[in-house]
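Visitor: Below you will find the structure I want to go over with you.
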Amino acid sequence: MPFSATFIFIVIFCVQSLAAMLQNGFMVAVLGRKWVQSQAFPAGEMIVACLAASRFCLHGLEILNNFLNFILFWHKNNYFGVLWDFINTVNFWFTTWLAIFYCVKICSFSHPIFFWMKWRISQSVPRLLLGSLIIGGLSAISVVTGNTIAFQRMDYENCTHACEARAFHDYYCYHVMLMWVTPFFLFLLSIILLMFSLYWHLEQMRYHSPRPHDYSIQAHTMALKSLAFFLIFYTSYALFLVLSTTQVVTIYNSWRWAWEVITYMGISLHSTILMLSSPKMRRTLKTKFSNLCVGSS
């Protein structure tokens, strides 16, 4: 890729990542301030705040790693790789818990297990978030273990660096399938259940007189609109990330920045939709913007 095109993608990636860090930092600040003022932290907002914090760290770490790789020719295989894997795994699980939380709270299934989940989900959120951190830690330990085993195999078999890279690649493919694909399928399952719940509710309404304001349909529709955007951007991020880490698609160094822009665009837009879908965030943004306009005038 010509240097001018590479420079353009570097600028796009930096602007995109800094904007994502700004919006995620804004969400953490707004929700954290409300928590301090009211001494109460609703379960849904707790998940959003943790998700925003993890994405703030993810974008910041990716900026630092890419510039170290670009300037000093470092690669994501040591400390940065372990920390990135931890934060990325936690981010996947936080996103999944948010979708599951919406699904359990809004769906109107009558199964006893679903009633039990609806009753317990809010109380279970802190433990689920803590469990995500533990899974992220286990994921990081798995990466370190796989890397160590690959190096030991290289020394034992007296093979080349390509042999070591292949051994670690095979190990990392199974790691990705377990740590990333599992929460992604739970995310998809939550959206499918929401769609079935809405369909079932609409079928029930066919045999009853319609109400002027059906709050159940409104809740289903709003959740599905939000999760539809989540699905598009979250799927694009997961797909590009899996293709990159499993090396199904080979990315040449000259195209690294373009690939990073495409990969992290999905998660950036996902955070934007998450921020704009919250009435509290919109009110705060409107207030800040109005104060800024008044101050400038």
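Using N, Cα and C of the backbone, Cβ positions are placed for all residues, glycine too.
Just lifted these from TrEMBL, have a look:
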SIGNAL    1-19  signal peptide
TRANSMEM  92-116  transmembrane segment
TRANSMEM  128-151  transmembrane segment
TRANSMEM  177-202  transmembrane segment
TRANSMEM  223-245  transmembrane segment
TRANSMEM  257-276  transmembrane segment
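Let's see these features in context: how buried, what's close, how far.
Guide: Residues 59-60, 62-63, 66, 70, 254-255, 257-258, 260-261, 264-265, 268 of the same chain sit 6 or more residues outside the signal peptide (1-19) yet have a Cβ under 8 Å from a Cβ within it.
Remote same-chain residues near the transmembrane segment (257-276) are listed as 1, 5-6, 9-10, 12-13, 16-17, 19-20, 23-24, 26-27, 48, 51-52, 55, 58-59, 62, 66, 70, 91, 95, 226, 229-230, 232-237, 240-241, 244, 251, 282 (criterion: CB distance under 8 Å, separation of at least six residues from the stretch ends).
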Visitor: Quickly jot the same-chain residues contacting the transmembrane segment (92-116) by Cβ under 8 Å, restricted to those at least six beyond its ends, or write none.
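Guide: Residues 43-44, 47-48, 50-51, 54, 125, 128-129, 131-132, 135-136, 179-180, 183-184, 186-187, 190-191, 193-194, 197, 200-201, 216, 219-220, 223, 226-227, 230, 234, 238, 270 contact the transmembrane segment (92-116) from elsewhere in the chain.
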